[in-house]
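Taking it in order: structure first as structure tokens, then the write-up.
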Amino acid sequence: MVAQYVPPEDDYRLSGEDAPFLLEDLRSEPAPGDGPPDDSSSDTVLPEKSRRWLVIAVVAIMLTFEIGGQMIPGPMVRIIETIVCDDYWRAHDASRLPASGHVAEQQCKIEEVQAEVTTIKGYSDFLEGLLCVLCAIPYGLLADRYGRRRAIRLTIPGFVLNAIITNSVLWFSDIFPPRAIWLASLSWTIGGGPTIVMALIWTMLADHTTDSTRAILFFRVGVVSEIATFLAGAISAQLMTVNPWIPMMAGCGFVTIGLSCAFFLPETLNHCVKRKSPMHGVDQVSCMGGLNVDEESSYSSAKALPKQSRHRLIWGKIRRFLKHDIFIFDHRILLLLFGFAVSELARGSSGFLAQYISTRFSWTLARANLLKSFHTAATIPVFLFLLPYLAKHVLHYLSLRGRDLYLARMSIICLAVGSLGVGLAPHIVFLVPSLCLHAAGGGLPLVARSLATALVERDKTARLYSTVEIFQSVGSVLGSLCFTNVFTLGLKLSGAWIGLVWIMSSLLFALVGIALMVLRV
């Protein structure tokens, strides 16, 4: 592929997101001869109207995928609970089994049943998260090498296989033990699973935005995503009262439809976005393939380099890696990375919220999931009104870094106190305001990411984000494993100890709070 090059005097630096790994080496190498670009890999500029419709299509696919994904977990827990409950009473007191149907849900809130449900679902989430983390890097490299469309298409067989294994185990519960759903995690070795899908969707959105519009678009998409998540959770909770299999299958259908639409998307890897040069006022083009380009000059790609220069490329990679990644060891960045990992670990308690409410307050899982969806909805005004108001009218006297730091501190206080209130709440009346306070801290990841971005140079942003994703993924996987065992322990201790998982979450958030308090920007 022949890429175009903008001279450095235009003051249009390449960002870490867009810069090729061997840029400095390529500049120093002579071009043996530029041939015509391959149609399959050449950079193209989409018209504004086409680009806008493509962004809308990608957002629609993301929302369809998220709606389906949000509808599945609640019904799945209820189905697993039904199977485990029937098996338990069949072995201990068969007289409780009705002539037809299943044991009443109220009789399934005993410690033995809930502990097994927690083990099955918790370890399932842990194994799936672990496989997604392990597959994220190779499939991410594949997307950069062969294109986003091919990579997202490759995820479809994995999702289909996952749905077949999970639904078969739960439907034929008289043949398969419920723990057999752990095998479904192996399906994420095909395509990389939900982590890769969401990463590719956000990347495809980034492919068609300029630096000035990217943050605005991501913020709007995030708000719409929260609204869709709330509606999907509420609808799923209502359908569960009829039959949990209805939202379960509907969710699988939404996921399949959303991913199938990716077959009709064009490739975005080498698409370019026109923008104005800040100094010369002329149209230039930004390509996700690597470089800011104009219409006149070019240099050859790495493929055109002679073989005897390969060792120089290897050394160039090492030198460039050391040069660009040393910023991670800044004590401020390390504190924020610690905060990202530990806060994501603490968020593992949210996966047990519906089961905690159902067990602690003797609610049905349908009602508990409905309350959980309202907890999600409570974060929407935080993003739309609370954070912008605080930044603009209350903390306006601070620098941008100072505002982000104070917002992060306020958010972590809300999360810590809210989590403690959820864990200690003796009645649902005290639980609801605690959940609202917890939701008020929902902007922490966004604010912390903004603060971390402000602490590094622009050309290191992509590497920073990659590091953040790795730390968050590790925290998420450890959270699934850790809180599964903590929640099981709380069930064994019974009583107020059922909220132990949220008390532990509060302590972890407090640990992040200490890190933010000692941080100076």
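Backbone N, Cα and C define each Cβ position, glycine as well.
What TrEMBL lists as region 'Disordered' is 23-46.
Packing against the transmembrane segment (53-72) from elsewhere in the chain are residues 46, 194, 197-198, 201, 204-205, 208-209, 217, 221, 224-225, 228-229, 231-233, 235-236, 247-248, 250-259, 261-262, 265-266, 268: each is 6 or more residues past its ends and has a CB under 8 Å from a CB in it. Feature annotation from TrEMBL assigns transmembrane segment to 53-72 (among others).
Sequence annotations record features per position, and here TrEMBL assigns transmembrane segment to 126-142 (among others).
Look at TrEMBL and you will find 154-173 (among others) tagged as transmembrane segment.
For 179-205 (among others), the entry in TrEMBL reads transmembrane segment. Residues of the same chain lying 6 or more positions beyond the ends of the transmembrane segment (179-205) and with a Cβ under 8 Å from any Cβ of it are 55, 58-59, 61-62, 65, 69, 80, 119-120, 123-124, 127-128, 130-133, 135-136, 138-140, 143, 148, 151-152, 154-159, 161-162, 165-166, 169-170, 217-218, 221, 259, 265, 268, 288, 469, 473.
The feature transmembrane segment is assigned by TrEMBL to 217-239 (among others).
The transmembrane segment annotation in TrEMBL covers 245-265 (among others).
Remote same-chain residues near the transmembrane segment (333-354) are listed as 73-74, 77, 118, 122, 125, 327, 365, 368-369, 371-372, 375, 408, 412, 415, 419, 422, 444-445, 448, 451-452, 455-456, 464, 467-468, 471-476, 478-480, 482-483, 487, 501-502, 504-506, 508-509, 511-512, 515-516, 518-519 (criterion: CB distance under 8 Å, separation of at least six residues from the stretch ends). Per TrEMBL, transmembrane segment is recorded for 333-354 (among others).
Under the heading transmembrane segment, TrEMBL lists 374-391 (among others).
Here TrEMBL flags 412-431 (among others) as transmembrane segment.
Taken from TrEMBL, the feature transmembrane segment applies to 497-519 (among others).
Comparing 154-173, 217-239, 245-265, 374-391, 412-431 for CB pairs under 8 angstroms to the transmembrane segment (497-519), the maximum falls on 412-431. Across 154-173, 217-239, 245-265, 412-431, the stretch most heavily in contact with the transmembrane segment (374-391), judged by Cβ pairs under 8 Å, is 217-239. Beyond the ends of the transmembrane segment (154-173), by six or more residues, the same chain brings 76, 79-80, 83, 139, 142, 180-181, 183-184, 187-193, 196-197, 248-249, 252, 255-256, 259-260, 262 to within a C-beta distance below 8 angstroms of the stretch.
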